[in-house]
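Student: Grabbed the feature section from Swiss-Prot, which reads as follows:
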- THR10, GLY11, SER12, ILE13, GLY36, ASN38, ASN124, GLU126, GLY215: NADPH binding site (BINDING)
- LYS125, SER151, GLU152, SER186, HIS209, SER222, ASN227, LYS228, GLU231: 1-deoxy-D-xylulose 5-phosphate binding site (BINDING)
- ASP150, GLU152, GLU231: Mn(2+) binding site (BINDING)
Amino acid sequence: MRKLTILGATGSIGSSTLAVAAQNPQLFEVVALAAGTNSQKMLELCRIWKPKYAAMASLQAAKELSVLLEKHEISTQVLAGDAGLCQVAALDEIDTVMAAIVGAAGLLPTMAGVKAGKRILLANKEALVMSGQMFIDACEQYGAELLPVDSEHNAIFQCLPADIQRAMGRCDLEEYGISKILLTGSGGPFRYTDIAELASVTPQMAIAHPNWSMGPKISVDSATMMNKGLEYIEARWLFNASREQLQVIIHPQSVIHSMVQYKDGSVLAQMGLPDMQTPIACAMSYPDRVDAGVAPLDFSKIGEFTFLPPDYSRYPCLKLAIDACYDGQAATTALNAANEIAVAAFLNNDIGFTDIAIINEQILNSANMATLVDLESVIELDMQARVLAHNIIRKVA
């Protein structure tokens, strides 16, 4: 039986992880849950799952949760702050960490799980975007097992030889006859919208993704295709891929989740309904297969597959991310920080939809791109880029 800590338990990935665990109670035990500020949702989860520990990033939320648990006579121990999140990721009594905290906030607790030698189910793409080679090196140094959860990276993972699956970040694609990884994306809700109309897109329009059910931040990232840009960076590190070995292609139906092209002309694709419980179940049970609670794919109802090259004039954030990926670790760290601030400002109606890419580019051009040597320098640059982004937003808001 796998014993789990779920980082980001109250979010979309956390909910899907718990759904898979509920589908297979004989295989998974939830030992610890962690979240940010939603103490009421965490109370509900504690009532259902009765974890030994619950960690809240917000000190105030941790206090609220303690009061609520005592009131409902639930014995779950409450931990608080970054230290609490890191503690539940490194518990002796767990072997698996679902790393699903959105954004830079997930880096430290995910790295705590790595340093404790856990099996890391990586849904927090920002951890690799921010720390890249440091993260891969830490997995090797501490004996952590890294399994991708993002639907695209999990799809690629499933199409790769077993030797590569066991050596995430340290493989040689050329050695195994792999010529290219094809990273698919739906193109978001505005792939056919007139480019001139994108400036008037509202937050409500941006979070209405046509295929996937996701949180607001990731939905906006999907609309700008920054999400695909971050996934591109993550794929570069997970699969040790060169620029020539990675290609983004738009596939509006979201049925083929990604593909791997081999030297002999073969292309392996992973397909399924757009439901995160499938890649989550794959990572949770690897190398076995379990019931994910997802309906099987009915090919007679799909109709057709469509593939399009990305239009960078429509998706400038995607181009920024691809370029930053090979400009060095500092560039991707700064871009991720700027994008988090810009998306939050857009969701708060402080800036327009097309301003997100403008702010991201300005940060890439103005942040101090010194060499990052450790996590402290990563976090320092992350904070610097956020301050710069806030200052730019104040001027345009």
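Every residue gets a Cβ built from N, Cα and C, even glycine.
Distances, neighbours, how buried they are, the whole picture for these features please.
Tutor: Cβ contacts within 10 Å of SER12 (NADPH binding site), excluding its own Cβ and spanning all protein chains shown: 19. Secondary structure from DSSP puts SER12 (NADPH binding site) in a helix.
According to DSSP, GLU152 (1-deoxy-D-xylulose 5-phosphate binding site) is assigned to a helical segment. Of all Cβ atoms in the shown protein chains, 27 besides its own fall within 10 Å of the Cβ of GLU152 (1-deoxy-D-xylulose 5-phosphate binding site).
Cβ neighbours of ASP150 (Mn(2+) binding site) (same chain, under 8 Å, six or more residues apart in sequence): LEU122, ALA123, LYS125, GLU231, GLU234, PRO279.
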Student: Take the C-alpha atoms of ASN124 (NADPH binding site) and ASN227 (1-deoxy-D-xylulose 5-phosphate binding site) and report the distance between them in angstrom, rounded.
Tutor: 12
Student: Out of these binding-site residues, GLY36, GLY215, which one has the fewest other C-beta atoms within 10 Å of its own C-beta?
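Tutor: Comparing Cβ neighbour counts within 10 Å for the binding-site residues GLY36, GLY215 gives GLY215.
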Student: Looking at Cβ-Cβ distances, which residues of the chain lie under 8 angstroms from ASN227 (1-deoxy-D-xylulose 5-phosphate binding site) while being 6 or more apart from it?
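Tutor: GLY185, ILE218, ASP221 - these are the non-local Cβ neighbours of ASN227 (1-deoxy-D-xylulose 5-phosphate binding site), listed in sequence order.
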Student: Same chain, not part of ASP150, GLU152, GLU231: whose C-beta falls within 8 angstroms of the C-beta centre of the Mn(2+) site? Give them in sequence order.
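Tutor: After dropping the recorded site residues, what remains is LYS125, PRO148, SER151, HIS153, ASN154, LEU183, ASN227, LYS228, GLU234, ALA235, SER258.
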Student: Looking only at Cβ atoms, how many others are within 10 Å of the one on ASN124 (NADPH binding site)?
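Tutor: Around ASN124 (NADPH binding site), other Cβ atoms within 10 Å: 28.
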